[in-house]
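As recorded in TrEMBL:
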COMPBIAS  1-20  compositional bias 'Polar residues'
COMPBIAS  36-52  compositional bias 'Basic and acidic residues'
COMPBIAS  189-202  compositional bias 'Acidic residues'
DOMAIN    72-313  domain 'SAM-dependent MTase TRM10-type'
REGION    1-79  region 'Disordered'
REGION    174-206  region 'Disordered'
Amino acid sequence: MENDTAQTSEKSTSLENTSEAVVLSKKAQKRALKMARLEERKMERRAKEKTAKKEKKRKRAERLAAGEQLSEDERQKRAKVDRAKEPFAARVVLDLGFDDKMSDKEIISLSSQLAYVYSVNRRSSNPFQSLLFTSLNGRTLSRLEKLNNAGYKRWTGTEWWTESYDRLWAQNREESAPAEGGSSGGTASEEDCAEDNGDDDNPEKLLATPVSRDRVVYLTADSTEVLEELKEGETYVIGGLCDHNRYKNICLDKARESGVSAAQLPIGRFLSHLPTRKVLTVNQVFEILVKWVETRDWELSLYAVIPKRKFQDGAAHEDPTEMRIANTTVETAL
C-alpha cells in the first residue's frame, strides 16, 4: 500500500515538473530566449576566433618563411642550427605551370602552401639540398610579389624560374641557364651550370646542376608506379595545383609529355584503409618526403602528415607515430 502511495506521489511530482517545464511564464520564456541568443553568439564568436587564429598562424608562417621578425640573436641561433643539419642531396621541383587552371582563391591557397614547403624544409634536420620553383608566371607570381614585399626572393636554398622544369635536362649551356629575369636568388648562371654538369651527387653543386631525364620523377597519384625510396642526386617534381580533383591525370600527362617517369607515394600499401581519394595538398606531399628522409620509414611519414580526419571513423588502426616517435599540417602529386 505504501509502495502504491509512493509511486502515485512520484507520478504526481513528475507530471507537475513536466507541466512546469512545458508551460513557462512570459518572463521565463524571455530569459530562455535570451540564453539561446547568447549561446548562438558565443558559438559564432568561437568560430570567428578559430578562423582568425588559423589566419594568424598562416600569416606568421609566411613571415617566418620570408625570414622576417627575427632578431639578430635569433638569426645567429638559426645559422648555428643550419650548420648542424645534414642536407639530403636531392632536388624537389615545385611545378607552378598550372596558373590558368586555378581560381583566385586557389592561387592564394597555393601561395600559402609554398610558404609552408619552404618552412618545413628549413625546420628539418635533413632538408632537401635544393628547392626549385618552375613556370612562375601569372597570378601566382603576382601573389608572391605582394606577400611580404616579395619575401620569396629571400628564401635561401631556392631557385625560381619562369621557364619549365624541362630546362633541367637541356643539353647545351645556352639552354641550361634560365632566361634573363626568369628567376631570383640562387639561380644558376651559364658558367655555373657548365662547371657543375656531370657532378650531380655533390650536394654543394646540386642546386644549379642540370640532370638527365632518367633521374627525374614526377609524383602523381594517377601513376601506377609506386615510389619505393628517395635517392640522392635525383629530382622529384610536385605539381603545384589546387584543383579539388577537377583535372584527372593532368600531372601524369605532363610527365609523359616531358618524357620523365611518374610515381605515386605508397599510400595504398601502408594506409589501405584510407577511405578518401589519396589527394593531398602540395605542402603535405612535400612534408611526407621530408619525413621519409628523416626516418626512412614510409608508414611513419604518412601517419605523421596525413590529417586524421581522412581515416575511417572508429577504425581500429594503431598510429605508428604514437608507438615509435616520442612527443611527436590540387591535383597534387602523391
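Placed from the backbone N, Cα and C atoms, the Cβ positions cover glycine too.
Taking the domain 'SAM-dependent MTase TRM10-type' (72-313) as a whole, pLDDT averages 81 in the prediction. DSSP labels the residues of the compositional bias 'Basic and acidic residues' (36-52) in these numbers: 17 helix, 0 strand, 0 coil.
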